[in-house]
Amino acid sequence: MASALDDPALQRHFKGHKDAVTCVDFSPDSKQLASSSADACVMIWNFKPQSRAYKYPGHKEAVTCVQFSPSGHLVASSSKDRTVRLWAPNIKGESTVLKAHTAVVRCVNFSSDGQTFITASDDKSIKAWNLHRQRFLFSLTQHTNWVRCARFSPDGRLIASCSDDKTVRIWDLTNRLCINTFVDYKGHSNYVDFNQMGTCVASAGADSTVKVWDIRMNKLLQHYQVHNAGVSSLSFHPSGNYLLTASSDGTLKILDLLEGRLIYTLHGHQGPVLSVTFSKSGDQFASGATDAQVLVWKTNFDKYSVKEIVKLQQKRTCPEAPPHLNDIYPRTPHLHSSSGHSIEINPMCEVADTQTFDPPIINVGANLPYCRRALGFGRILRRGRTLAKSRNESWIWRIPTFF
(Lines of atoms letter the chains of each structure in order from A; the text may use other names.)
(Lines give C-alpha, C1' and ligand atoms only; values in the text may rest on other atoms or scores of the structure.)
Protein backbone atom coordinates (compact mmCIF):
# COMPACT_ATOMS: atom_id res chain seq x y z
CA MET A 1 0.00 0.00 0.00
CA ALA A 2 1.42 3.39 -0.97
CA SER A 3 1.94 5.91 1.78
CA ALA A 4 -0.53 8.74 2.25
CA LEU A 5 2.46 11.05 2.06
CA ASP A 6 2.56 10.26 -1.65
CA ASP A 7 -0.84 11.89 -2.07
CA PRO A 8 -1.68 15.57 -2.53
CA ALA A 9 -1.78 17.31 0.84
CA LEU A 10 -3.35 20.54 2.06
CA GLN A 11 -0.61 23.03 2.95
CA ARG A 12 -2.27 26.36 3.67
CA HIS A 13 -5.65 27.91 3.78
CA PHE A 14 -6.33 31.62 3.46
CA LYS A 15 -9.36 33.49 4.73
CA GLY A 16 -9.98 37.13 3.93
CA HIS A 17 -12.58 37.40 1.21
CA LYS A 18 -16.19 38.05 2.21
CA ASP A 19 -17.76 36.25 -0.73
CA ALA A 20 -17.05 33.51 -3.26
CA VAL A 21 -13.48 33.23 -4.59
CA THR A 22 -13.82 33.30 -8.37
CA CYS A 23 -10.21 32.88 -9.54
CA VAL A 24 -6.71 32.11 -8.21
CA ASP A 25 -3.28 32.52 -9.83
CA PHE A 26 0.31 31.99 -8.65
CA SER A 27 3.00 34.58 -9.27
CA PRO A 28 5.77 33.44 -11.65
CA ASP A 29 8.16 32.88 -8.72
CA SER A 30 5.42 31.15 -6.65
CA LYS A 31 6.03 33.53 -3.74
CA GLN A 32 2.59 35.11 -4.00
CA LEU A 33 -0.93 34.04 -4.85
CA ALA A 34 -3.60 36.34 -6.28
CA SER A 35 -7.30 35.76 -5.78
CA SER A 36 -10.43 37.50 -7.02
CA SER A 37 -13.84 37.45 -5.44
CA ALA A 38 -17.50 38.30 -5.74
CA ASP A 39 -16.83 40.76 -2.89
CA ALA A 40 -15.40 43.11 -5.59
CA CYS A 41 -11.85 42.81 -4.21
CA VAL A 42 -8.54 41.39 -5.36
CA MET A 43 -6.20 39.92 -2.75
CA ILE A 44 -2.48 39.14 -2.84
CA TRP A 45 -1.36 36.41 -0.43
CA ASN A 46 2.32 36.12 0.51
CA PHE A 47 3.80 32.71 1.34
CA LYS A 48 6.55 33.96 3.65
CA PRO A 49 5.78 33.21 7.32
CA GLN A 50 4.11 36.10 9.15
CA SER A 51 3.70 38.04 5.92
CA ARG A 52 0.66 40.23 5.48
CA ALA A 53 -1.95 39.83 2.79
CA TYR A 54 -3.01 42.79 0.65
CA LYS A 55 -6.64 43.48 -0.13
CA TYR A 56 -7.35 45.77 -3.07
CA PRO A 57 -10.81 47.33 -3.37
CA GLY A 58 -11.53 49.25 -6.55
CA HIS A 59 -13.90 47.30 -8.74
CA LYS A 60 -17.54 48.27 -8.31
CA GLU A 61 -18.90 44.75 -8.82
CA ALA A 62 -17.77 41.14 -8.53
CA VAL A 63 -14.26 40.39 -9.83
CA THR A 64 -14.40 37.46 -12.24
CA CYS A 65 -10.75 36.72 -13.04
CA VAL A 66 -7.23 37.60 -11.93
CA GLN A 67 -3.80 36.88 -13.40
CA PHE A 68 -0.17 37.83 -12.82
CA SER A 69 1.79 39.17 -15.77
CA PRO A 70 4.71 36.93 -16.87
CA SER A 71 7.18 39.27 -15.15
CA GLY A 72 5.15 39.31 -11.94
CA HIS A 73 5.19 43.12 -11.77
CA LEU A 74 1.53 43.55 -12.61
CA VAL A 75 -1.74 41.81 -11.81
CA ALA A 76 -4.74 42.12 -14.14
CA SER A 77 -8.31 41.65 -13.00
CA SER A 78 -11.64 41.59 -14.85
CA SER A 79 -15.03 42.39 -13.40
CA LYS A 80 -18.76 42.48 -13.85
CA ASP A 81 -18.41 46.28 -13.79
CA ARG A 82 -17.21 45.95 -17.45
CA THR A 83 -13.65 47.03 -16.68
CA VAL A 84 -10.18 45.56 -16.43
CA ARG A 85 -7.76 46.85 -13.81
CA LEU A 86 -3.97 46.62 -13.66
CA TRP A 87 -2.54 46.47 -10.15
CA ALA A 88 0.94 46.78 -8.63
CA PRO A 89 1.01 43.69 -6.35
CA ASN A 90 2.56 45.38 -3.32
CA ILE A 91 1.62 47.41 -0.27
CA LYS A 92 0.92 50.47 -2.42
CA GLY A 93 -1.52 48.58 -4.62
CA GLU A 94 -2.30 51.41 -7.03
CA SER A 95 -4.41 50.47 -10.02
CA THR A 96 -5.35 51.82 -13.38
CA VAL A 97 -8.60 51.17 -15.22
CA LEU A 98 -9.29 50.03 -18.74
CA LYS A 99 -12.90 50.36 -19.92
CA ALA A 100 -12.80 47.20 -21.92
CA HIS A 101 -16.29 46.01 -22.92
CA THR A 102 -19.97 46.88 -23.01
CA ALA A 103 -20.94 43.94 -20.77
CA VAL A 104 -19.50 41.75 -18.01
CA VAL A 105 -15.81 40.92 -18.54
CA ARG A 106 -15.40 37.23 -17.72
CA CYS A 107 -11.70 36.63 -18.32
CA VAL A 108 -8.32 38.31 -18.72
CA ASN A 109 -5.18 36.52 -19.91
CA PHE A 110 -1.60 37.60 -20.70
CA SER A 111 0.45 36.30 -23.61
CA SER A 112 3.62 34.46 -22.60
CA ASP A 113 5.84 37.40 -23.58
CA GLY A 114 3.73 39.82 -21.55
CA GLN A 115 3.31 42.23 -24.44
CA THR A 116 -0.39 41.54 -25.02
CA PHE A 117 -3.43 40.56 -23.03
CA ILE A 118 -6.91 39.48 -24.06
CA THR A 119 -10.33 39.90 -22.49
CA ALA A 120 -13.52 37.89 -22.94
CA SER A 121 -16.97 39.29 -22.31
CA ASP A 122 -20.71 38.80 -22.25
CA ASP A 123 -20.85 41.21 -25.19
CA LYS A 124 -19.91 38.10 -27.26
CA SER A 125 -16.44 39.41 -28.14
CA ILE A 126 -12.80 38.74 -27.37
CA LYS A 127 -10.56 41.80 -27.41
CA ALA A 128 -6.78 42.00 -27.64
CA TRP A 129 -4.78 44.83 -26.09
CA ASN A 130 -1.18 46.00 -26.35
CA LEU A 131 0.10 46.37 -22.80
CA HIS A 132 3.11 48.55 -23.60
CA ARG A 133 1.19 51.13 -25.65
CA GLN A 134 -2.14 50.83 -23.78
CA ARG A 135 -3.73 50.35 -27.20
CA PHE A 136 -6.71 48.27 -28.30
CA LEU A 137 -5.60 45.94 -31.11
CA PHE A 138 -8.56 43.98 -32.46
CA SER A 139 -11.75 42.06 -31.66
CA LEU A 140 -12.76 38.47 -32.40
CA THR A 141 -16.53 38.37 -32.82
CA GLN A 142 -17.75 35.06 -34.26
CA HIS A 143 -19.22 33.77 -31.01
CA THR A 144 -23.00 34.18 -30.85
CA ASN A 145 -23.39 34.18 -27.06
CA TRP A 146 -21.47 35.10 -23.91
CA VAL A 147 -17.75 34.30 -24.07
CA ARG A 148 -16.82 32.60 -20.81
CA CYS A 149 -13.07 32.24 -21.27
CA ALA A 150 -10.24 33.02 -23.69
CA ARG A 151 -6.64 31.84 -23.33
CA PHE A 152 -3.41 32.27 -25.29
CA SER A 153 -1.48 29.24 -26.48
CA PRO A 154 2.01 28.93 -24.92
CA ASP A 155 3.67 30.31 -28.07
CA GLY A 156 1.19 33.19 -28.31
CA ARG A 157 0.11 32.37 -31.87
CA LEU A 158 -3.33 30.95 -31.07
CA ILE A 159 -6.26 31.74 -28.79
CA ALA A 160 -8.76 29.21 -27.47
CA SER A 161 -12.18 30.43 -26.35
CA CYS A 162 -15.42 28.94 -25.07
CA SER A 163 -18.89 30.39 -25.13
CA ASP A 164 -22.49 29.84 -24.14
CA ASP A 165 -23.10 29.19 -27.86
CA LYS A 166 -21.79 25.66 -27.02
CA THR A 167 -18.61 25.98 -29.07
CA VAL A 168 -14.90 25.95 -28.34
CA ARG A 169 -13.08 28.00 -30.98
CA ILE A 170 -9.42 28.16 -31.96
CA TRP A 171 -8.23 31.46 -33.40
CA ASP A 172 -5.12 32.16 -35.48
CA LEU A 173 -3.66 35.53 -34.50
CA THR A 174 -1.74 35.89 -37.75
CA ASN A 175 -4.91 36.40 -39.78
CA ARG A 176 -7.30 36.85 -36.82
CA LEU A 177 -9.60 34.11 -38.08
CA CYS A 178 -11.29 31.18 -36.40
CA ILE A 179 -9.48 28.12 -37.78
CA ASN A 180 -11.28 25.41 -35.81
CA THR A 181 -14.57 24.94 -33.99
CA PHE A 182 -15.49 22.14 -31.61
CA VAL A 183 -19.22 21.88 -30.97
CA ASP A 184 -20.82 20.26 -27.93
CA TYR A 185 -24.57 20.00 -28.31
CA LYS A 186 -25.17 18.96 -24.69
CA GLY A 187 -23.98 22.14 -23.02
CA HIS A 188 -21.57 25.03 -23.00
CA SER A 189 -18.05 25.10 -21.55
CA ASN A 190 -17.14 27.28 -18.57
CA TYR A 191 -13.38 27.22 -19.08
CA VAL A 192 -10.81 26.25 -21.69
CA ASP A 193 -7.01 26.09 -21.73
CA PHE A 194 -4.02 24.77 -23.70
CA ASN A 195 -1.60 22.11 -22.54
CA GLN A 196 2.05 23.11 -22.16
CA MET A 197 2.95 22.00 -25.68
CA GLY A 198 0.08 23.92 -27.25
CA THR A 199 -1.11 20.81 -29.08
CA CYS A 200 -4.28 20.15 -27.08
CA VAL A 201 -7.03 22.12 -25.40
CA ALA A 202 -9.20 20.98 -22.53
CA SER A 203 -12.70 22.25 -21.84
CA ALA A 204 -14.65 22.29 -18.57
CA GLY A 205 -18.27 21.52 -19.37
CA ALA A 206 -21.35 22.86 -17.62
CA ASP A 207 -22.78 19.36 -18.26
CA SER A 208 -20.16 17.95 -15.80
CA THR A 209 -17.82 16.65 -18.53
CA VAL A 210 -14.14 17.33 -19.22
CA LYS A 211 -12.94 16.98 -22.80
CA VAL A 212 -9.45 17.05 -24.27
CA TRP A 213 -9.14 17.96 -27.96
CA ASP A 214 -6.16 17.58 -30.32
CA ILE A 215 -6.06 20.79 -32.34
CA ARG A 216 -3.58 19.41 -34.89
CA MET A 217 -5.74 16.45 -35.93
CA ASN A 218 -9.05 18.12 -35.09
CA LYS A 219 -10.31 15.26 -32.94
CA LEU A 220 -11.58 14.49 -29.49
CA LEU A 221 -8.91 12.63 -27.52
CA GLN A 222 -10.45 12.05 -24.12
CA HIS A 223 -13.85 12.50 -22.53
CA TYR A 224 -14.24 12.36 -18.75
CA GLN A 225 -17.50 12.10 -16.82
CA VAL A 226 -16.10 12.10 -13.30
CA HIS A 227 -17.91 15.01 -11.61
CA ASN A 228 -21.48 15.10 -10.38
CA ALA A 229 -22.10 18.73 -11.35
CA GLY A 230 -20.80 21.35 -13.76
CA VAL A 231 -17.03 21.71 -14.13
CA SER A 232 -16.02 25.31 -13.51
CA SER A 233 -12.24 25.36 -14.05
CA LEU A 234 -9.23 23.24 -14.97
CA SER A 235 -5.45 23.44 -15.11
CA PHE A 236 -2.79 21.37 -16.87
CA HIS A 237 0.21 20.28 -14.83
CA PRO A 238 3.42 21.74 -16.38
CA SER A 239 4.48 18.20 -17.34
CA GLY A 240 1.31 17.84 -19.40
CA ASN A 241 0.64 14.46 -17.77
CA TYR A 242 -2.06 15.54 -15.32
CA LEU A 243 -5.18 17.67 -15.43
CA LEU A 244 -6.68 19.31 -12.35
CA THR A 245 -10.41 20.08 -12.40
CA ALA A 246 -12.85 21.93 -10.12
CA SER A 247 -16.59 21.45 -9.93
CA SER A 248 -19.81 22.69 -8.41
CA ASP A 249 -20.02 19.28 -6.71
CA GLY A 250 -17.51 20.65 -4.19
CA THR A 251 -14.56 18.50 -5.24
CA LEU A 252 -11.27 18.77 -7.09
CA LYS A 253 -10.17 15.88 -9.31
CA ILE A 254 -6.76 14.96 -10.66
CA LEU A 255 -6.78 13.09 -13.96
CA ASP A 256 -3.86 11.05 -15.29
CA LEU A 257 -3.92 11.92 -18.99
CA LEU A 258 -1.39 9.31 -20.04
CA GLU A 259 -3.38 6.49 -18.50
CA GLY A 260 -6.74 8.11 -19.18
CA ARG A 261 -8.18 7.79 -15.69
CA LEU A 262 -9.12 9.61 -12.52
CA ILE A 263 -6.55 9.14 -9.74
CA TYR A 264 -7.48 11.58 -6.95
CA THR A 265 -10.67 13.16 -5.61
CA LEU A 266 -9.98 16.00 -3.17
CA HIS A 267 -12.41 17.37 -0.61
CA GLY A 268 -11.81 20.44 1.51
CA HIS A 269 -14.12 23.21 0.34
CA GLN A 270 -17.64 23.66 1.66
CA GLY A 271 -19.56 24.40 -1.52
CA PRO A 272 -18.90 24.68 -5.27
CA VAL A 273 -15.25 25.04 -6.29
CA LEU A 274 -14.89 27.83 -8.84
CA SER A 275 -11.18 27.95 -9.70
CA VAL A 276 -8.01 25.84 -9.68
CA THR A 277 -4.48 26.41 -10.90
CA PHE A 278 -1.06 24.77 -10.72
CA SER A 279 1.99 26.81 -9.78
CA LYS A 280 4.48 27.42 -12.57
CA SER A 281 6.79 24.67 -11.22
CA GLY A 282 3.90 22.27 -10.68
CA ASP A 283 4.78 21.44 -7.07
CA GLN A 284 1.70 23.24 -5.71
CA PHE A 285 -1.84 23.99 -6.75
CA ALA A 286 -4.50 26.32 -5.36
CA SER A 287 -8.28 26.33 -5.32
CA GLY A 288 -10.98 28.89 -4.61
CA ALA A 289 -14.66 28.31 -3.86
CA THR A 290 -17.98 29.78 -2.79
CA ASP A 291 -16.97 29.24 0.84
CA ALA A 292 -14.72 32.33 0.42
CA GLN A 293 -11.61 30.26 1.15
CA VAL A 294 -8.39 29.82 -0.79
CA LEU A 295 -6.70 26.45 -0.29
CA VAL A 296 -3.11 25.72 -1.27
CA TRP A 297 -2.12 22.09 -1.83
CA LYS A 298 1.19 20.26 -2.23
CA THR A 299 1.20 17.94 -5.23
CA ASN A 300 3.52 15.24 -3.80
CA PHE A 301 2.63 12.84 -6.62
CA ASP A 302 4.71 15.03 -8.93
CA LYS A 303 7.94 13.73 -7.37
CA TYR A 304 7.35 10.40 -9.07
CA SER A 305 7.68 9.55 -12.73
CA VAL A 306 4.53 8.60 -14.62
CA LYS A 307 5.47 4.92 -14.48
CA GLU A 308 5.95 5.09 -10.72
CA ILE A 309 2.59 6.81 -10.28
CA VAL A 310 0.88 4.08 -12.28
CA LYS A 311 2.62 1.42 -10.20
CA LEU A 312 1.50 3.09 -6.98
CA GLN A 313 -2.06 3.26 -8.21
CA GLN A 314 -2.08 -0.40 -9.19
CA LYS A 315 -1.23 -1.27 -5.60
CA ARG A 316 -4.36 0.51 -4.41
CA THR A 317 -6.89 -0.25 -7.09
CA CYS A 318 -7.49 -2.74 -9.85
CA PRO A 319 -9.21 -0.81 -12.64
CA GLU A 320 -9.65 -2.14 -16.11
CA ALA A 321 -6.87 -1.49 -18.59
CA PRO A 322 -7.19 2.23 -19.41
CA PRO A 323 -7.22 3.54 -22.96
CA HIS A 324 -4.42 5.74 -24.23
CA LEU A 325 -4.66 9.05 -26.06
CA ASN A 326 -4.24 7.52 -29.49
CA ASP A 327 -6.95 4.91 -28.92
CA ILE A 328 -9.72 7.50 -29.15
CA TYR A 329 -10.82 8.73 -32.54
CA PRO A 330 -13.06 11.55 -33.79
CA ARG A 331 -16.81 11.15 -33.31
CA THR A 332 -16.29 8.07 -31.11
CA PRO A 333 -15.37 9.55 -27.75
CA HIS A 334 -14.42 7.02 -25.08
CA LEU A 335 -16.12 7.97 -21.84
CA HIS A 336 -13.95 7.86 -18.74
CA SER A 337 -15.98 7.54 -15.55
CA SER A 338 -14.83 7.55 -11.95
CA SER A 339 -16.07 3.97 -11.31
CA GLY A 340 -15.19 4.37 -7.63
CA HIS A 341 -11.46 3.86 -8.26
CA SER A 342 -10.15 7.30 -7.34
CA ILE A 343 -8.30 7.95 -4.10
CA GLU A 344 -10.50 10.06 -1.81
CA ILE A 345 -8.67 12.72 0.21
CA ASN A 346 -10.45 14.85 2.79
CA PRO A 347 -7.92 16.75 4.91
CA MET A 348 -10.67 18.21 7.07
CA CYS A 349 -11.51 14.70 8.30
CA GLU A 350 -8.07 13.12 8.39
CA VAL A 351 -6.19 15.91 10.16
CA ALA A 352 -7.24 17.35 13.51
CA ASP A 353 -6.36 20.94 12.58
CA THR A 354 -5.31 21.88 9.07
CA GLN A 355 -5.99 25.58 9.48
CA THR A 356 -2.99 27.82 10.05
CA PHE A 357 -3.41 31.27 11.52
CA ASP A 358 -4.98 33.66 9.06
CA PRO A 359 -2.47 36.30 7.95
CA PRO A 360 -3.13 39.93 8.88
CA ILE A 361 -4.78 41.77 5.99
CA ILE A 362 -3.95 45.29 4.83
CA ASN A 363 -6.92 46.95 3.17
CA VAL A 364 -4.93 48.89 0.59
CA GLY A 365 -6.23 52.24 -0.59
CA ALA A 366 -9.74 51.77 0.77
CA ASN A 367 -10.04 55.36 1.92
CA LEU A 368 -8.24 57.02 -0.98
CA PRO A 369 -10.16 58.56 -3.88
CA TYR A 370 -9.61 56.79 -7.18
CA CYS A 371 -7.74 59.70 -8.79
CA ARG A 372 -5.04 59.57 -6.09
CA ARG A 373 -4.64 55.83 -6.47
CA ALA A 374 -4.39 56.15 -10.25
CA LEU A 375 -1.78 58.89 -10.02
CA GLY A 376 0.12 56.84 -7.48
CA PHE A 377 0.20 53.94 -9.93
CA GLY A 378 1.79 56.25 -12.52
CA ARG A 379 4.39 57.32 -9.99
CA ILE A 380 5.24 53.78 -8.99
CA LEU A 381 5.70 52.85 -12.64
CA ARG A 382 8.10 55.74 -13.11
CA ARG A 383 10.00 54.82 -9.95
CA GLY A 384 10.14 51.26 -11.16
CA ARG A 385 11.93 52.15 -14.38
CA THR A 386 15.32 52.28 -12.67
CA LEU A 387 14.81 48.93 -10.96
CA ALA A 388 13.40 47.33 -14.07
CA LYS A 389 16.28 48.54 -16.26
CA SER A 390 18.72 46.92 -13.88
CA ARG A 391 16.78 43.69 -14.36
CA ASN A 392 16.52 44.13 -18.13
CA GLU A 393 12.73 44.37 -17.83
CA SER A 394 12.21 48.05 -18.69
CA TRP A 395 9.34 47.41 -21.13
CA ILE A 396 6.91 46.44 -18.37
CA TRP A 397 7.36 49.72 -16.55
CA ARG A 398 6.81 52.06 -19.48
CA ILE A 399 3.05 51.73 -19.24
CA PRO A 400 1.38 55.15 -19.03
CA THR A 401 -1.70 55.48 -16.87
CA PHE A 402 -4.88 54.54 -18.67
CA PHE A 403 -7.48 57.27 -19.09
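Here the Cβ of each residue, glycine as well, is placed from N, Cα and C on the backbone.
What TrEMBL annotates here:
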type	residues	note
REPEAT	14-55	repeat 'WD'
REPEAT	56-87	repeat 'WD'
REPEAT	98-139	repeat 'WD'
REPEAT	140-181	repeat 'WD'
REPEAT	182-223	repeat 'WD'
REPEAT	224-265	repeat 'WD'
REPEAT	266-298	repeat 'WD'
For the repeat 'WD' (14-55), sequence-distant contacts whose Cβ falls under 8 Å of one of its Cβ atoms, 6 or more beyond its ends: 61-68, 70-72, 75, 77, 79, 81, 85, 87, 89-91, 93, 233, 274-281, 283-284, 286-296, 358-364
Other parts of the chain folded back onto the repeat 'WD' (182-223), taken as Cβ under 8 Å at six or more residues beyond its ends: 145, 148-155, 158, 160-170, 229-236, 238-240, 243, 245-247, 249, 255, 257, 260, 325, 328-331, 333-336
DSSP-assigned states of the repeat 'WD' (224-265) in counts, ordered helix, strand, coil: 0 helix, 24 strand, 18 coil
